[in-house]
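Have a look at the structure below before the remarks.
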C-alpha cells in the first residue's frame, strides 16, 4: 500500500538569500538559522554599531567644517611646506567608509527584522576594524592639528539641531517595526522587558531633547538685529588671488563694508600684503629667484617683490574650484597680478569710504625693521593720505605711542578681553574667531559699546546664526555668497517651534503604538517555529568529517491525513533530504 505524505515545499527567496549572503556569506538555505545570535556575534554587532555612530559624527564634523576648509589646508601647508587640498581625500574616504558601514547596519537590522541569526563574515569584520581604527586616528590627528575646530559642532547644532531632532525622531520611529517584531518574537519575558525599556528610554529621550536645544534663530522676528556688515578677508579670495588688487576690487563689487589683509614689511621698509612667511605658495618666486624660494618674505626688497607674479598660481592650483567660472578676460587680468602694498590697498578703499583692517606681522630678528616696524607702518599709513578713521589698527605693541601719534586710528584688538579691559586700553573694536564669542559675549560687548567682528564666516548657516545672535560684523572669504543672503536661512518664533516639536512627538507616539499593536497581532497568528529553520549540528564529538555532515531538519505542524509526523520521516543516515515525491511505506 502506498500512502502519500505531504512534505514541506520550499520556494526560492532571492531577497533573503542576498541578505544573508552579503552579510555573512550564507547563500544557501541550509546555512541559515533562526537560532539566537551568539554572544561573540553580539559583540561584533556592538562594534559595528559603535563604528557607525563614530563615523556618523566624523561625517557631520567634516560637513560643518566646510566653512574652514581653507584654514585647514593653510595649517597643513605651514607644517609640511607643500600646498594641496587635503580635504578631498579625507571627504572621499569618509564618504566611502560611512556608506559601507551604514550598508552593513541596514543589513544587520534586516536580519533582526526577519529573525535571522547575525553572523558577520570575517572579511566584513576586518573592514569594520579598519574603519574604526582609521576614524579614531583621524579624530586624534584633528585634535592635535586643528583642535579649535571641534567648537564648530556645538555652534552648528544651533542651526541644525531642530532638524536633526526631527530626522532622529523619524529614524527611531521607523525602528519600532524591528523592535516590536523582536519583542513579539522573543520567548523570554526578561528579554522582552529589556528590549522594550531600552527602546522606550531612547524614544522618551528624543521626545524631550528640544528642551535642551537652544538656537538664536528661535526668536520673535521683531527682535532680529540688522544684517551684519561683511568685511572682505584678503579681498574675495575665492574669486581672485588673495591679497591682490584684483581680489579687493572684486570684494568691493560685493558691497563689503571693509577690507582685511595680512601685512608684513620688506627689507627696505615697505609694508606689503602677504599671509605666508614665504613667497612660495602665492608667487612664482621659485622661477624668478630659485635660490631664495625658502627665504622669509620680509627679507625681499620692494623692487624684487614687484617682479613676482602673484596671480598665476591661482589659475594653476584653483584652490576654491572657481576658475571655471571666470571669463577669459578675467583670467588674463588675474595672470598679471603682482604683490600689493599696504599703501595701494588704502588708496583703493579710501574713495569708497571702506574701512581697512590689517594684521601686521613683525619681521624676524636680524631684519632692519625689527625694531622700527610700528613706525614704518604708521609712516606708510600717513603717506597714503587716507582718513585715519577708516584704518583699524590691530597690533598691541606700543599702542599708547600709536594713539599719541595717530589718535584717529580705530584701535582694534585681536585678543579676547573683557569690555572693561578694552576700555582701559582705549580699544573700541574687537576682531575674534567666530568660536571665541558666545551669545552672552555678544550681548556684553554690545552693551559696552565695543564693536565686535568675527572671522572667518563663509557658510550661510553660520552667518545666519551670528545674525540672529546680534553680531554686528563678520569677516569672510566668500562675500559673494553672503551677499545673496537677505535674511537668515531659517527663523522660527518660539510658539511655532513648540507646535512643530509637540506635533512631531504626538505623531511619532501614535505611529509607534500602532506598529506595536500590528506586530503583536501579526506575530500571534504564527507558530513559534519557522519551517525554514535549519540547524547544522554535530552528532557528538566525532571526526571532522562527521562533524561536517549536514542535518536538515524539516518541521511540520501536523500531517494533514493524521498518519505520522515529521520525526517518523527521518532517515537512518546522518542527514535527511527533501523531495516532492511521495514516501512509500
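Numbering starts at 1 and runs along the chain as it is shown here.
Any Cβ shown, glycine's included, is placed from N, Cα and C.
TrEMBL labels come from automatic prediction, so no person has curated them.
Predicted, not measured: the structure shown is a model, and the values here were computed from it.
Per TrEMBL, the listed range annotated as transmembrane segment is 193-213 (candidates: 67-87, 193-213, 214-234). When Cβ-Cβ distances under 8 Å to the transmembrane segment (122-142) are tallied for each of 42-63, 193-213, 499-518, the top count falls to 42-63. Within the chain, the transmembrane segment (88-110) has long-range Cβ neighbours (under 8 A, six or more residues past its boundaries) at 19, 22-23, 45, 48-49, 51-52, 55-56, 58-59, 62, 118, 120, 124, 127-128, 131, 134-135, 138, 175, 178.
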